[in-house]
């Protein structure tokens, strides 16, 4: 779309059918994860051609108010199950040097929208936060729902890992939401849309640009397109919108407690999806 939206989300399945073909390909991983948890992780491993002639998102404004939803998650028809080599590391990394308190810990990159929270410009009666966002000189209220058990999840993750918030949404929305959500200072860094790579219509989180050893990096995200460059590092989760009985984040804690003790992440993630 010509005018980038404020919030990057996947489509709510209540409103339209989504990615049914893609979901079929990941059922095997979901089955193995169900053996460890009562609810499945929406698990996917993708490989694709990588285009290094990246086009930046257009900034031409053609409408007064950007739409709420910038969809991120659909893969283009040309994205076949093949892998291209990762390019040389960038001269400047996205993350600062590791602090002494995080030395020896793995880095967990955590998505925001539909992973930890769900946000809407439409009023939500039970919203946990209401965040004012300025768009074209007008203040709009964004209503934010916290995913069940997000507090317990973040607190435990902060104890086990170097945690980084990485969202394809804009900082003007995501930063104040993170201020309200992360009361414990779990996130050592926050990365927003400008830190993503715009690839074939999606905002991709290129983990090679973080400045961390990839064998010790995990990404937690509901959108397969977000980690399409590094699917072997992903712990996918189901998109969350408003189900207050959801326990996915709570169910993930034991898995991450085990993963934190591993020398590298690939073996455990590979075994998990190949049982």
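In case you wondered, yes, glycine gets a Cβ from its N, Cα and C as well.
According to Swiss-Prot, the protein has these features:
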type     : residues      : note
DOMAIN   : 101-259       : domain 'FCP1 homology'
ACT_SITE : 111           : active site, 4-aspartylphosphate intermediate
BINDING  : 111, 113, 222 : Mg(2+) binding site
ACT_SITE : 113           : active site, proton donor
SITE     : 167           : site 'Transition state stabilizer'
SITE     : 205           : site 'Transition state stabilizer'
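A map of Swiss-Prot features onto the structure.
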residue	record	Cβ within 10 Å
111	active site, 4-aspartylphosphate intermediate	24
113	Mg(2+) binding site	27
167	site 'Transition state stabilizer'	30
205	site 'Transition state stabilizer'	28
222	Mg(2+) binding site	23
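Residue 167 (site 'Transition state stabilizer') and residue 113 (Mg(2+) binding site) are 7 Å apart (CA-CA, integer value). Excluding 111, 113, 222, which define the Mg(2+) site, the same chain contributes 9, 10, 112, 114, 115, 116, 167, 221, 223, 226, 237, 239 within 8 Å (Cβ to the Cβ centroid), listed in sequence order. Between the CA atoms of residue 205 (site 'Transition state stabilizer') and residue 167 (site 'Transition state stabilizer') there is a gap of 8 Å. Secondary structure from DSSP puts residue 222 (Mg(2+) binding site) in coil. Put simply, residue 167 (site 'Transition state stabilizer') is 5 Å from residue 111 (active site, 4-aspartylphosphate intermediate) when counted between their Cα atoms.
Note: the Cα of residue 222 (Mg(2+) binding site) and the Cα of residue 167 (site 'Transition state stabilizer') are spaced 11 Å from each other.
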